[in-house]
Amino acid sequence: MKPKLKRVFQCQSCGYISPKWIGKCPDCGAWNSFVEEVIEAESISKKAETARLKTLEDIQPVPISSIKITLSDRLSTGISELDRVLGGGVVRGSLVLIGGDPGIGKSTLLLQATDNLAKKYGRVLYVSGEESLTQIKLRAERLGAISENILLLSETLVEKILDWASEEELNALVVDSIQTVYTEEAMSAPGSVSQIRESATKFINFAKQKGIPVFLIGHVTKEGAIAGPRVLEHLVDTVLYFEGDRGYAYRILRSVKNRFGPTNEIGVFEMTGTGLIEVENPSLIFLSEHSQNSGSAITATIEGTRAILTEIQALVAPSNFGMPRRNFIGVDYQRVNLLVAVLEKRGRINLAGADIFVNVVGGLKITEPSSDLAVISAIVSSFRDIPLHEGMVIFGEVGLSGEIRAISQTEMRLKEASRIGMKHAIIPKSNLERLKEKFNLKIKGVGSINELIEIIGS
Ligand SMILES: Nc1ncnc2c1ncn2[C@@H]1O[C@H](COP(=O)(O)OP(=O)(O)OP(=O)(O)O)[C@@H](O)[C@H]1O
Ligand SMILES: [Mg+2]
């Protein structure tokens, strides 16, 4: 009997289903995201029932103590930055989703990882629904990723891919990309939410059954019929975002969800003609062109498990328009507006008629409030046109009454600063009092922004 089909409209960004087209999704608030899809009318409850009956026979709980963990449950991708972001290698049987803007280097990263995995563990299947085999080969030659054990497949039907893959001996599977593959079980076009969800579920089951890691590449643009991988984030084990400014050669791999490791860990890469190169010392590249002019301050932020030093630049100039311009890149817009207000009210610096620009060098995005003090220092330094001390690192959170609040992991930040060769540090007073270790730095503690402004003026 043919299944009964039903037409619905589904939000392509969150999967919300509506019987008629609507302009704004009531669930996630996305505009113009509804696309007509065909689903089986009776599907959900009936499918669940058959699945339940099927699995009921082989349900067999086991005591937690009887499960053995071996060290080899993680595979090394041979790229240490990627391994670290994954939490020390990729876990067998897990599903890793790597999302990122078009052309950022997703295929490059995974092809390099595929090559390493193939060299170390044996056969790895790389499935591409986007590029022809020759195109992949061209890239592979450029990257020098031509191990014998890389198997390439240009195929988009999930059932075909998995039929072949489950019979063979494989150590990892890469799917480039989840938007281009489709399963016969969902009726809508490839790239739609229901296709992506069904296909991903199949890959998850495959990974768990076979005990090998599966990498899925996903596009994040929300235009046209392509759904963002956000709907997948709940299903998969690990979600990594590959980001970076087109203007820079640096790429940052960030983990936003990880069932087997810390989140917000970052890996830094440089894109070159021969592929992605790991940057082992990110502080050095973010500071490499650091200028000694006014308006530049160096801060130390914690990204995942390590501290990174980076430069924050500010430019304060008299405004020619009635409405002064405020433009902040790499820092939280609301947060910097708040800091400007604190500077005006508590620091008595009149910025009302000034254009203010703030930029984090190197395309890094800082979300930590510990950068407050450096942002303020950069603004004051530019406003007064006084350069800060050479080799000075500044960090601390600023409160609304102009007080400097303590932050976490001071020692780790100071350690990185002295390793890079910094000479001075300005940190919250309360952090200085609690400091246990000795550092090769002249450290000053500040309790309010007025103390900071005084130091900058001296
Ligand atoms: N010869 C080259 N020299 C330097 N960089 C190159 C060269 N060829 C490609 N690149 C870099 O590789 C990037 C493309 O990488 P890749 O194809 O892995 O991206 P992607 O994220 O998979 O893109 P898509 O979303 O289109 O699949 C380009 O944007 C460019 O920066
Ligand atoms: Mg690609």
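Every residue, even glycine, has its Cβ placed from backbone N, Cα and C.
So that you can see what the record holds, here are the features copied from TrEMBL:
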- G100, D101, P102, G103, I104, G105, K106, S107: ATP binding site (BINDING)
- 71-220: domain 'RecA family profile 1' (DOMAIN)
- 355-458: region 'Lon-protease-like' (REGION)
- 257-261: motif 'RadA KNRFG motif' (MOTIF)
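Within the set of binding-site residues G100, D101, K106, S107, K106, S107 have a CB atom less than 6 Å from some atom of ligand 2.
Ligand 1 lies under 6 Å from the Cβ of P102, G103, I104, K106, S107, out of the binding-site residues D101, P102, G103, I104, K106, S107. Helix, strand and coil counts under DSSP for the domain 'RecA family profile 1' (71-220) come to 64 helix, 33 strand, 53 coil.
Secondary structure of the region 'Lon-protease-like' (355-458) per DSSP (helix as H, G, I; strand as E, B; remaining residues coil): 45 helix, 25 strand, 34 coil. The ATP site, placed at the center of the C-beta atoms of G100, D101, P102, G103, I104, G105, K106, S107, has further neighbours from the same chain whose C-beta lies within 8 angstroms: F242.
In the motif 'RadA KNRFG motif' (257-261), helix, strand and coil residues by DSSP number 0 helix, 2 strand, 3 coil.
Within 10 Å of the C-beta of G100 (ATP binding site) there are 22 other C-beta atoms, taking all protein chains into account.
Around P102 (ATP binding site), taking its Cβ as the centre, 8 other Cβ atoms fall within 10 Å, counting all chains. Each of the binding-site residues D101, G103, I104, G105 was ranked by the number of other C-beta atoms within 10 Å, and first place falls to I104. Cβ-based neighbour count (10 Å, all protein chains) for K106 (ATP binding site) stands at 23. In the shown protein chains, 22 other C-beta atoms lie within 10 A of the C-beta of S107 (ATP binding site).
As a whole-number mean, the pLDDT of the domain 'RecA family profile 1' (71-220) in this prediction is 91.
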